[in-house]
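Asks: Below you will find the structure I want to go over with you.
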């Protein structure tokens, strides 16, 4: 088992999306296994970490759960800068949130790391009767833009772990192609000196 | 008895002579004595009592031109009609406070909305609603436009509207560039207090958005600011709630959690360590009380900024789930720029805020937090904090009956059972000489200490009433028109209130309404002495950030 030591990855992951789409709920379901019917608005951004075992490697996610409110949009680069992965979340019962999600994808394509693993999450999949965004529409959009797509439900836990697991699986493959933003993926035991990469 | 009293009254080591009855007799403000007689004779709500009519005459006419009286008439008609309903019993609202926006379905056509005792509105100078304490902002567009019309009507005449009195209601206006704030209240709070509350609401908005929000209005006068404040209702409702329980909102001072000197020193030392590594402010708090804080050199933190920051952090549940990194603005420090705050709760009550100017500092601040947490756990600070929360701070029952007796007292040694001996003969409840409660504010330290509430100030309703009485007392002591004053003794059907202001401190004390004046004064001296004796434990001493 000691052989997996050098396969440990730290990966910065950011969640983006409209307010109320369920970013915090997804993270809390993934990290703490909790769900709150009334999840209060996130202020600024909340930081979580969670480790996943994928094949022979462990991936330690450093998760930035950003606030969806408009006032924080201009601050988003602070959180997605250098991220190895992003989950763009929308609410399947809100067309506006899907529109907003597309804007986030555009922004990341322009500003973000080109090797970033991007996932599109159609959250609140349990609210089928209130659906406004079809899975087909989202899937087509995701394919066109090189994202992988899943419908999730933080409430029922459906696909929540799966989406993080899928990201983790795709990460190691992206790893060798690291470029300037590679500071984020720190191989802890091997490069201890770089562990403080984000300190100024 | 009399000799004992003399012994108990040594000229305490204060810079000023102790408070004495003769001080009151020589006090030139006979008006204040009249006031207390007046309000004792009549119910305090009687509209023509000297206190309230004095206000109306002074404020209503002094600041504004004749245009105001017209406005007054208009509003008067409308609000008169509402006050009819006010005579009906109100549902109890203060017994338990629920966070967040309530009654969002109401608008200005709802009777229930009109019956609310205290409204706060924020609107833009084009009349667009930004915030309302009650009701849906969007449904209140017409009402906001009316408020805007009143303000601009007066401004067009080259004047500023500050206050309109209409029957029991006061309408207080505050203009902050493109943002207008209005309070409509029938709570009989002084104008200065209500205006101060509007200032704090504005400050809270700046904490969230900075003053650069003004630029949005310069670009587009019809700018709708509500989306920018999305999700912050709870921050404002919590601040407004604090206007009825947190003395910091009118004292402009902060309060510390009582702790042994060494414990606070241990916390301060590690915070200082961190501050030396590029943190602007490191603040460790328990609820709204400071455990310790340090600032970088030359950086000073205003108590109002602390109040607003603590309210922002405590009211937002999202800070409790994990570590957070959020932009915040300190209006008194620099209203134009964001700082970045690392926020972490060690437990339900105790939290750390590390403020920096660098948006990249998260991982550094996270490391700082881990270091701080290790030290706090090792030196038992966190468990001491929990113990202090349970024990409370100063209890009026513990005011030393004889200051000369016993050695230098400590808070913990005074935690006596309620059957403690040596009580003054004429009181059966509260502390010495019928002392019910006190607040001591140190002027140099910008800190205050409030005694714990005890019998008979037990219920939230009674506490709120006492809080309002202090607020009124504070306003009258600092009134620029008739003040400033050094002492005030006021007796009404609820309390004897005694206030003493020196260069060093302000003392506000509430006694049984039947309390003896001479004894009350003597007790105040004892309280001041007691505070001095335990100042190491109740105040943060030598805190540099506040020396401006």
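Just so you know, glycine gets a Cβ as well, placed from its N, Cα and C.
Heads up, TrEMBL stuff is auto-annotated, nobody curated it.
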Asks: Pick from B:82-103, B:104-125: which range does TrEMBL record as region 'Disordered'?
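Replies: Matching range for region 'Disordered': B:82-103.
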Asks: If you look at how TrEMBL annotates this chain, which of B:401-424, B:425-448, B:449-472 comes out as region 'Disordered'?
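Replies: Per TrEMBL, the stretch marked region 'Disordered' is B:401-424.
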Asks: Taking DSSP states H, G and I as helix and E and B as strand, how many residues of the domain 'FUZ/MON1/HPS1 third Longin' (B:434-534) are helix, strand and coil?
Replies: 36 helix, 30 strand, 35 coil
Asks: Determine how many residues of the domain 'FUZ/MON1/HPS1 first Longin' (B:118-238) DSSP places in helix, in strand and in coil.
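Replies: The counts are 55 helix, 30 strand, 36 coil.
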